[in-house]
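Here is what TrEMBL says about this protein:
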REPEAT    A:75-109  repeat 'PPR'
REPEAT    A:176-210  repeat 'PPR'
REPEAT    A:211-245  repeat 'PPR'
REPEAT    A:312-346  repeat 'PPR'
REPEAT    A:347-381  repeat 'PPR'
REPEAT    A:448-482  repeat 'PPR'
REPEAT    A:483-518  repeat 'PPR'
DOMAIN    A:663-755  domain 'DYW'
Amino acid sequence: MARQSFLVDNFYYNILNQLNTKTASLSQAQQAHARILKTGYSNNTHLNTKLLSFYANHLCFSDATVVLDSIPEPDVFSFSILISACSKFDHFNRAIRLLRRMLSHGLLPDDFVFPSMLKACAGLSALRTGRQVHSLASVTGFASDYFVQSSLVHMYVKCGQIKDAYEVFVRMTHKNVVSWSAIIAGYARLGYINKAKELFNEMRCSGVEPNLVSWNGLISGLHHSGLSSESVTVLQEMHFQGFKPDGTSISSVLSAVGDLKTLDMGLQTHGYVTKQGLGSDKCVVSALLDMYGKCGCTLEMMLAFDEMAQMDLGSCNALIAGLARNCLVEDALRMFRQFKDQGIELNVVSWTSVISCCTQNGKDIEALKLFREMQVAGVEPNSVTIPCLLPACANIAALMHGKAAHCFSHRRGISDDVYVGSALIDMYAKCGKIGDAQHCFDMMPTTNLVCWNAIVGGYSMHGKAKEAFKLFHLMQRSGQKPDFISFTCVLSACSQNGLIEEGWNFFNSMTREHGIEVRMEHYACMVNLLSRVGRLEEAYAMIKEMPSEPDACVWGALLSSCRVFGNVSLGEAASDKLFKLEPSNPGNYVLLSNIYAAQGMWSEVDRVRDMMKRMGLRKNPGCSWIEVKHKVHTLLAGDKSHPQMNQIIERLGRVSMGMKKLGYLPNTKFVLQDVEEQDKEEILCGHSEKLAVVLGLLNTPPGSPLRVIKNLRICGDCHVVIKFISSFEGREIFVRDTNRFHHFKDGVCSCGDYW
DNA sequence: TTAGGGTTAG
């Protein structure tokens, strides 16, 4: 008996020794686990607790869950070990799932579980769950616990609910430097600089001296709220007060300096980093690269990267982002591949950076390929990756890929994220599925400005002005103030629908009622609106009164309508400006040429062609064909015995010959047949600039009937087409290029295989 | 096993 007891004790201590968190390896722990199961010790509370703790602190959450599952009646302590580890290592969703499980066992959290739970809610910005945890803490009497209160302040701050945070804070009977720092950082993070500074002084008056963390909280808070120059000032003040900036202070400030693009200060800070020996701090180095990248100093950035003492993933990511930021797309992709080939374990930030780089530079297919590669590499996309990927789906109308990303977000529990939700709304709207966009919006538990703008913009894109206005007003009633983007959306809806009165109301209320400065895009919408209804002179007057020099969008809007309404003189005026602003854009020349063609001014058409030749631009024969065909349409609709008819048909023949040489299909006969049977009209063109012409054909004045186009086959810039889907309601549209095929019918898009 | 500050992706 005594011998057996000795063996048991020996076994027990051996196992405990094997589970010593500091010295044991994972395989040792797994061996110990196997021995426990084999020898029937799986009911031993002490051993199970040790195992749980080991697995949880080594991030082996699935093994830890197996242990928890094996405990017949797990107690609060078992749960709290796992929950606190999940919180500590940022596995916040898992922590919340565990709390729910714990509650289902009839167990209530204690003063150890509550802070971990609140940290998880803070990390996820999960306000609703955070409030539930707060209620539970009140009911169970833990809401007055010192640690719980500090965690509550932090949770509300991270969820952007500063009033709730302050309410908890003022009720705290014992405020220490931790709670003070949390509330100060909170106010600073939300941009309340005066309140943050006031609280900072109040803390000192109450006898609590700020520490380095308090200062750093203020600095980073100000930077995050966009008050970068204030954050630099606070750093200087902190230095003056005798606090030596550490790596944390410098990382924040370097990021702020980058935003301010104050290279001088960046160089000085770099000097401080070297002098203080902070160059081995990984965050500081990443921030340094980021600063150089933001200041456009890619060479200095590369140099700083090469000088790095130790290879660091964060710095690799900062380098990729810096190259991408400076439009060095190929370099960014090359570095990414190089890091991968070197065996550096790229993380979600690396993959997201490079995907975002592709999406923002027109490499949509590449972005989708990288996303797939990322998943094959076993890197889990997150709530930042999805909003970076979705624009690629939207740009090429890859609805199936978009839907897959939606399902993925749903499975991973990130579809509630405001950025994911907004990107989904935008993707569905651009793929012609406004109903699905609305559904996504309706399903969002919390909405912010970005979500509202996405849905208002979606309806606007679809030409559904009434719905766009309704949501715009609903947004304001819900307490969300509109910004300049919201106004661009509603003004765009007005311009698409020729709603002059509403357009002026929105335009005038922007500054008067909302204090929002009118930007170039708002003027472009108004000029577009006025010109599309034929008020070309008014549009021109507005352009002349603009406070800043109009850009190509503004002049382009006028020129397009000049073509529609056949206004030669204004068209020439707009073209003159556009030729200076965009000398290499063939679309502008084509539009002017169209205006001349519509008037039978063929010598002028030739003059434009010569201009293009001189600029080295090739006018695609497809444009000429459309241009002439348009003229034939117009004439046949009116007087078939028009005196210019022969001239036009002759020209059409010449154009057709030119097209034939280049492998284009139509000939005179075909076109004339086509004119007689307008329902069978088919337009073929090659590149995106021609697409503008095709769309221009459809861009008839509001109120006039749109010509019916049954089949529209376009090769090129699909994104532009998708924006116009609403105009094609009830029609079939084919969008093709060498890699893919899209078919739109009744606003529904189906795509062919990509690769 | 519990609370506050940092860089790189939107």
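Glycine is treated like the rest: Cβ placed from N, Cα and C.
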Please count the residues of the repeat 'PPR' (A:347-381) that DSSP assigns to helix (H, G, I), strand (E, B) and coil.
25 helix, 0 strand, 10 coil
Per DSSP, what is the residue tally for the repeat 'PPR' (A:448-482) in helix, strand and coil?
26 helix, 0 strand, 9 coil
Could you tell me the mean pLDDT the prediction assigns to the repeat 'PPR' (A:211-245)?
92
If you run through the repeat 'PPR' (A:312-346) with DSSP, how many residues end up as helix, strand and coil?
26 helix, 0 strand, 9 coil
